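Q: One structure coming up, written as structure tokens, with questions to follow.
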Amino acid sequence: GVGFKAGVKDYKLTYYTPDYETLATDILAAFRVXPQPGVPPEEAGAAVAAESSTGTWTTVWTDGLTSLDRYKGRCYHIEPVAGEESQFIAYVAYPLDLFEEGSVTNMFTSIVGNVFGFKALRALRLEDLRIPPAYSKTFQGPPHGIQVERDKLNKYGRPLLGCTIKPKLGLLAKNYGRADYECIRGGLDFTKDDENVNSQPFMRWRDRFLFCAEAIYKAQAETGEIKGHYLNATAGTCEEMIKRAVFARELGVPIVMHDYLTGGFTANTSLAHYCRDNGLLLHIHRAMHAVIDRQKNHGIHFRVLAKALRMSGGDHIHAGTVVGKLEGEREITLGFVDLLRDDFIEKDRSRGIYFTQDWVSLPGVLPVASGGIHVWHMPALTEIFGDDSVLQFGGGTLGHPWXNAPGAVANRVALEACVQARNEGRDLAREGNEVIREASKWSPELAAACEIWKEIIFEFEAMDAL
């Protein structure tokens, strides 16, 4: 072959292109790279670009049958990480044609499928992705989005309230449905299947769906509000998952649920399409996320998983709590909360946002705060997350000394008090405890909740730590 020279080659000759001007259609990635000792950062960055696009370890003669320049990933910028020795941020640009339209699965297979086991790297973390409108427009995205959800539920101007039914495993379907009814009758908008409630011997999915639907209809009739229970449709096969979603639709309930990481992006996208076609809202749980995102120097940051979910489709997704954690993490969390909700998000490194992201018309996702929160956190949660969020109190509802319904009442009263105080111009960050105390004077349910949880106000680590 003309110009074909066999042998192993330096990646950086082909894949490190510091002069490259990124295109509006490129998918851009920011990797945190920790090279092995003796490997220069340019070579490591180029290796990442190569292995996640067209490269292989040696020159192959079939390279001559295509235009590598058109299809290769390019490492176009490298910067050291402040305060970390031998860590670098490598920026890689991928041409759009490397990816199948409308497939988060293919996007991840390409970008993170192979390169993380690469020998020249000690560790590698995908910190952020810039999804160009040319690509995001090939996705349906969330089945409904924030505004349509509010219109379907007829609930405006406040966060929504939820509760995970506990104990998560072992209840019989009828008792489960009863706990569900008590919570939504007391004032919550939603109750939730735990992520590992699928269809176990002690409670098969169909029984649970029936009793929860009964709870929803009874509570709706008594309160005049629209209620829901996140019926977990996650299953062992895609076909079984869709079967469960179909049954939920036949019962006329408003929302189903999916574990998108354990279930997989292909299953999740199928379910999201079904939900849009059939008017079901879709609640997403992120079970398994910490396996991928917890290590600071290896894996994938949750903001990337959140962007992927917005493309694949979901109306709610769990996003940590912020409360009782460090200030810095608060900014990072709010960064990906904005990436979930807003149409246009400016690059802001202090919030971990490496690229300006323009979602154009892709609907937004409601962030869900859950994990170790209770009534004393309500002012902080209202302040931090704003109206477009779901606040979920599992133990913070079911752990009420007077039981489930009063627990739900306490949470609803606390929320309404915080929203009213905020609307009157009071500063929840400063006066939050006072707002809760005032409300508890006329709500015995809230007073009892305040009493039982006063010891642990703000002094614990949230269970949902990133």
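Just so you know, glycine gets a Cβ as well, placed from its N, Cα and C.
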Q: Which of H316, H318, H400 does Swiss-Prot put in the same substrate site as N114, T164, K168, R286, S370?
A: H318
Q: E195 (Mg(2+) binding site): which of the recorded positions N114, K166, H318, S370 have a C-alpha within 10 angstroms of it?
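A: Checking Cα-Cα distances against E195 (Mg(2+) binding site), none of the recorded positions falls within 10 Å.
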Q: Please report the distance from the Cα of N114 (substrate binding site) to the Cα of K166 (active site, proton acceptor), rounded to the nearest angstrom.
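A: Here the two Cα atoms lie 39 Å apart.
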Q: Based on Cα distances to K168 (substrate binding site), point out the closest of the recorded positions K192, D194, H285.
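A: Nearest candidate: D194.
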Q: What kind of secondary structure is R286 (substrate binding site) part of, going by DSSP in three states?
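A: R286 (substrate binding site) sits in coil per DSSP, no helix or strand.
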Q: Quick one: Cα separation, H318 (substrate binding site) versus D194 (Mg(2+) binding site), in Å?
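A: So the alpha carbons of H318 (substrate binding site) and D194 (Mg(2+) binding site) sit roughly 12 Å from each other.
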